[in-house]
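*Asks:* Pulled from TrEMBL, these are the listed features:
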| type | residues | note |
| --- | --- | --- |
| ACT_SITE | H253 | active site, tele-phosphohistidine intermediate |
| ACT_SITE | E322 | active site, proton donor/acceptor |
| BINDING | R252, H253, G254, E255, S256, E257, L258, N259, R302 | substrate binding site |
| COMPBIAS | 1-15 | compositional bias 'Gly residues' |
| DOMAIN | 31-245 | domain '6-phosphofructo-2-kinase' |
| REGION | 1-20 | region 'Disordered' |
Amino acid sequence: MSVSRCGGGGGGGSGARPARSVQGRDWRVCMTNCPTLIVMVGLPARGKTYISKKLTRYLNWIGVPTKEFNVGQYRRDLVKTYKSFEFFLPDNEEGLKIRKQCALAALNDVRRYLCEENGHVAVFDATNTTRERRETIYKFGEENGYKTFFVESVCVDPEVIAANIVQVKLGSPDYVDCGSDEAAEDFMKRIECYKNSYETLDENLDKDLSYIKIMDVGRSYLVNRVMDHIQSRIVYYLMNIHVTPRSIYLCRHGESELNLKGRIGGDTGLSHRGKKFAKSLAQFINEQNSKDLKVWTSQMKRTIQTAEALGVPYEQWKVLNEIDAGVCEEMTYEEIQEHYPLEFALRDQDKYRYRYPKGESYEDLVQRLEPVIMELERQENVLVICHQAVMRCLLAYFLDKPAGNYICLNMENFHLGQSVTISSNHYFMCILNEQEKCCSS
């Protein structure tokens, strides 16, 4: 396997801007000279899988191909029926053999993904609670030319642990046929199976490793030997996320005067129908009774006027402005095709990476919106009133899709976006249609 992944690019920056081409080459953000292996560490019910999934989602969204490898799922695929915690007892030789087999299978898939499928980051999600196991994985990374970064989640707060157990036992396939109390008791015993052999990452013994240690889901952090730009971004992201239940509302502004004329961009106010929508939005938000709701808008008139109908304070973000169409601002698509036929064709062939002359691409927009994602992860209840392209990118993040997958989402009647309950990973989409009626989908 070749260690170089970027064709000579530097270790920290994003790759050079690709030439405009219609050849269909898969251009991707390239921020590492060699692949990164992220290794989760921690007892069961410490939020490792939650962290793994969120981190994978974030990295894919910013354009770094990432995949999660959950060893527990490998075990469930191999052992179809889970019986009890006894499978995890340290003296259960058959259980140990199966668990080792599953870990090796997952690592083989990691190698295949990073070597053969052009992956950049693999997240190895397992307990990895012993120094011996972590040393084995580290050597695996060295042998294959990977940079290895450990992420340990430590919880001593009984309330946090209890909440995690409730989430695990309610959602885990292991306990589909178990009663609530029976599942909780078995899971507690499973945790005990790991405790005696658990060796946490140590400032002295593990001083040469790259890692972040997260205490009580963000109460404090210990960061050691961050080696490159991608690890730095991982650390920054992990220091912003939390698990507090909350709702995020994504909302497209009401119809604007330029929307009526089929023109893109610009900075006009709301049409008559747009103002009616703003009133309906205010009614909907009032019905949600969201505590301490923050309202964010762009700096453009149509989002500000939509927010003003709520009658509450709001905060303007320049980074939430609509994608900059450059010389094509306030033109119809027919006019663009007539005056800039080459640009029109290039945009059709690669809408995500196409950049308007003197304007932006969707790829640029994703980079611009990254601070918004970071701040949304830190906040609790938030209503974001934004624009079509911006909402497409934000929706892609929350629906766990690469941003490029959502650039063609039809947003014409998609005014009231979606409420996301982060704690339960439940997505509820509410669309306010032309008749200003709320319908779920």
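The backbone N, Cα and C atoms fix where each Cβ goes, glycine too.
TrEMBL: automatically predicted annotations, no manual curation.
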*Asks:* Who sits close to L258 (substrate binding site): which same-chain residues at least 6 apart have their Cβ under 8 Å from its Cβ?
*Replies:* I264, G265, G266, T268, E330
*Asks:* State the Cα to Cα distance, in Å, between H253 (active site, tele-phosphohistidine intermediate) and R302 (substrate binding site), rounded to an integer.
*Replies:* 6
*Asks:* Taking the Cα atoms as reference points, how far is S256 (substrate binding site) from E322 (active site, proton donor/acceptor) in Å?
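*Replies:* About 13 Å separate the Cα atoms of these two residues.
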*Asks:* If you count Cβ atoms within 10 Å of the Cβ of S256 (substrate binding site), leaving out that atom itself, what do you get?
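*Replies:* There are 24 of them.
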*Asks:* Could you measure between G254 (substrate binding site) and the residue listed as 'active site, proton donor/acceptor' for me? Cα positions, answer in whole angstrom.
*Replies:* 14
*Asks:* Could you measure between R252 (substrate binding site) and E322 (active site, proton donor/acceptor) for me? Cα positions, answer in whole angstrom.
*Replies:* 11
*Asks:* Hey, what's the widest CA-to-CA gap across R252, H253, G254, E255, S256, E257, L258, N259, R302, the substrate contacts in the record, in Å?
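*Replies:* 15 Å is the greatest Cα spacing among the residues binding substrate.
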*Asks:* Provide, as an integer number of angstrom, the distance between the C-alpha atoms of E322 (active site, proton donor/acceptor) and R302 (substrate binding site).
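*Replies:* Just about 11 Å between their Cα atoms.
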